[in-house]
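A short write-up of the structure that comes next.
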Amino acid sequence: MQAYQRDFIRFAIDRGVLRFGEFTLKSGRTSPYFFNAGLFNSGSALAQLGRFYAAAIVESGISFDVLFGPAYKGIPLAAATAVALAEHHGQDLPWCFNRKEAKAHGEGGSLVGAPLTGDVLIIDDVITAGTAIREVMQIIASQDGAKAAGVLIALNRQERGNGELSAIQEVERDFGIPVVSIVSLNQVLQFLEDDPQLKQHLPAVRAYREQFGV
């Protein structure tokens, strides 16, 4: 585990974004942990979050021309990542996002920001069912000269859907692009193992990983 990944897990726990206990997911599964990126909800938290996304991009080695933030949650994530890449890595890259509803006046269309062209890196919080990412792939496919280079999310739950694969593995298979994350559940497990105060949650998270993991 890289230092930035350990720092990210600590940061997510401190912000209440990553919690341990008993949570019922939309899938109906009872999970021993819950990740809610909506709680990165202050200026300082968003700035820090952008730095973690930027570090993961640099680490991944994915080459791309433009960042894309899917509406709604991906918009501040793409903005914060673009700022962090410029300020901390000397990479001043264009970014854009989509509107859920196309505007009939003003700029018009459903895309805002830089032109969506070249290799596109999609920034989002998590991939649960993969539905949102599939919609994004249609948006990218509709733009001349644009193609997806990859997807970056905060946490890979490494969890099976209804079949044998996770939603992330299905996206990778169907679109032939990498999906990378700041951290994965395996790294969260490693963090719990090393933390005396949180180690009590390790058996439940490990059992969940064994039952539903990929």
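Glycine residues also receive a Cβ, built from the backbone N, Cα and C atoms like all the rest.
Fair warning: this is a prediction, and the values are worked out from it, not measured in the lab.
Within the same chain, the residues at least 6 positions away from D125 (5-phospho-alpha-D-ribose 1-diphosphate binding site) whose Cβ sits under 8 Å from its Cβ are A37, K73, G74, L77, I153, A154, L155, listed in sequence order. For the recorded site, D125 (5-phospho-alpha-D-ribose 1-diphosphate binding site), the DSSP three-state label reads coil. Positions annotated as 5-phospho-alpha-D-ribose 1-diphosphate binding site by Swiss-Prot, on the basis of sequence analysis: K26, 72-73, 99-100, K103, H105, 124-132.
DSSP gives R157 (orotate binding site) a coil state; it is part of no helix or strand. All protein chains included, R157 (orotate binding site) registers 25 other Cβ atoms within 10 Å of its own Cβ. Here Swiss-Prot flags F34, F35, T128, R157 as orotate binding site.
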Next item on the list: State which of the following binding-site residues has the fewest other Cβ atoms within 10 Å around its Cβ: K26, K73.
Entry: K26
Checklist line | Residue among binding-site residues F34, F35, R157 with Cα closest to the Cα of I127 (5-phospho-alpha-D-ribose 1-diphosphate binding site) | finding: R157
Note to self: Can you give me the Cα-Cα distance between R157 (orotate binding site) and K100 (5-phospho-alpha-D-ribose 1-diphosphate binding site) in Å, rounded to a whole number?
What the structure shows: 26
Item checked: Most Cβ neighbours inside 10 Å, all chains, among the binding-site residues T128, T131 -> T128
Check: The record names F34, F35, T128, R157 as the residues that bind orotate; what is their largest Cα to Cα distance in Å?
Finding: 12
Next item on the list: For K100 (5-phospho-alpha-D-ribose 1-diphosphate binding site), list the number of other Cβ atoms lying within 10 Å of its Cβ atom.
Entry: 9
